[in-house]
Amino acid sequence: MIWGLLDTFLRYRFFNKMLGNKYHCTFVWYYLGTLLYGHLNVLLVLAGTPWGNLVYLCGCSFMLNMLLFHGSILKKAFFTIWIYCVPETAYGIYFPLFYSLAVSRGQTGYSDTMLQMVEIAACLTLYIMMEVLSGNLHVLRQDFEDRDAVYLICIIVFICAAVDMMLNLFTGISGWTPKSLLMTAIPLSLTALGGEILYIYCIIMLKRRLTEQLAKQQYQMLGRHLEVSKEQYCQLIKIRHDIKNHGLCLAQLLANGKSEEAAHYLQQMNLRLEEADSIQTGSVFADALLNPKYHYAKNLGIDLTIRLSVPDEATILPVDLCCLLSNALDNAVEACQRGIEAGNPPGWIRIVSHMNPNYWVFEISNSVHSPVNLNGGKLKSSKGTAICGVGLQNIKAVVERYGGVLDLQGDTQFTLSVMLPLAPKKNPSASKE
């Protein structure tokens, strides 16, 4: 009883760390679910073969994980298959050695004690492997794409099937001598051990590739930030060079009593200053991303207002922050563009955020040229079917990754609201209208 509870808790802890739970008291539901389908298998003998039992457990666990945890379907499938195939492969490491040791001591079959020791060793291997996987992918789990999940699932299933086939051949042969049995058991155990090492190697190589990809994205964002900074610096140099002449011109206009011309001249100067001004959120990555999009929207005639402060890099990774901001702003600009193409006014966009001690609230609203259909927080097409664009999927993935809340509201305007939990931090903020 205690061993089963501990095993269930460690598996739940792994899923929660890698995927994130959806509800409160998720462990209780996870434990009751595993207890239910485990007892059903024992009572009704739903799976009578080792591979049938493995498929049954994977299927039931996958359905339970779909209900209780966040993440894509393929990602949940990968973690479910991985958590059941690792001990099966580890079984191929220990069983031949324990069996050859038992035969050398004069035993003729498999004792219950030996099988229990093999199962315990396989479970301990699983727990170690879970720590290795979570330690390597916990930080980078947001970059764990579906194609990576498919790639790793194929490797895991192939290794598990190969080890199981060799183990069946090993146990199906009778008449072993102690020496020949040991000489066969050692290569078989080493092969299964190689499979476990290959599991770890694939994860390490995946982490390295994702780390390089993350560094490349950050480098590109830094490059865009430098380009924007260079443009702003050139504009400020021009304004500084002309400020003396502007002052002389205004003084002469006022001295001649031409106040209307002076006011018009000041208005033109303000327009130039607005073009040279920039958005400052406290994040160089967010600034580099938002400034070009801000000027692009302004050129379309969109009335764009931004009052935004963002968490620091210790709270949310720059890649995730930029993914959230860029997709939200792109969707709003595209909605306004559709209105312009339909012959409507350019429309407006409002972006605001609030920094609180325990959470960050981000909200973006935009005008719409036609009513937005929402059902259960999901966008609906004109035919009534649920749709979810790539941009909205990316936003949802970021929100789920950090255990936040996403809310969509649509009627005469469309509003996307995000709340992310965070530790108490102080972030610089700026406003731009």
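Backbone N, Cα and C define each Cβ position, glycine as well.
The transmembrane segment annotation in TrEMBL covers 27-48 (among others).
Residues or ranges marked as transmembrane segment by TrEMBL: 54-74 (among others). Note on the transmembrane segment (54-74): residues 15-16, 18-23, 26, 29-30, 33-34, 37, 41, 46-47, 80-81, 83-85, 88, 146, 149-150, 153, 397, 400-401 of its chain, located 6 or more positions outside it, place their CB under 8 angstroms from a CB of the stretch.
Taken from TrEMBL, the feature transmembrane segment applies to 81-102 (among others).
If you look up TrEMBL, you'll see 114-137 (among others) marked as transmembrane segment.
Marked as transmembrane segment by TrEMBL: 149-170 (among others).
Under the heading transmembrane segment, TrEMBL lists 182-206 (among others).
The annotation domain 'Histidine kinase/HSP90-like ATPase' is assigned in TrEMBL to 316-422. Assigned with DSSP, the residues of the domain 'Histidine kinase/HSP90-like ATPase' (316-422) fall into helix, strand and coil as follows: 36 helix, 39 strand, 32 coil.
Contact between the transmembrane segment (149-170) and the transmembrane segment (81-102) holds: at least three of their C-beta pairs are under 8 Å, each pair 6 or more apart in sequence. For the transmembrane segment (81-102), same-chain residues at least 6 beyond its ends with a Cβ under 8 Å from one of its own Cβ atoms are 11, 14-15, 54, 57-58, 61, 110-111, 114, 117-119, 121-123, 125-126, 129-130, 133, 152-153, 156-157, 159-160, 163-164, 166-167, 170, 178, 181-182, 184-186, 188-189, 191-193, 195-196, 199.
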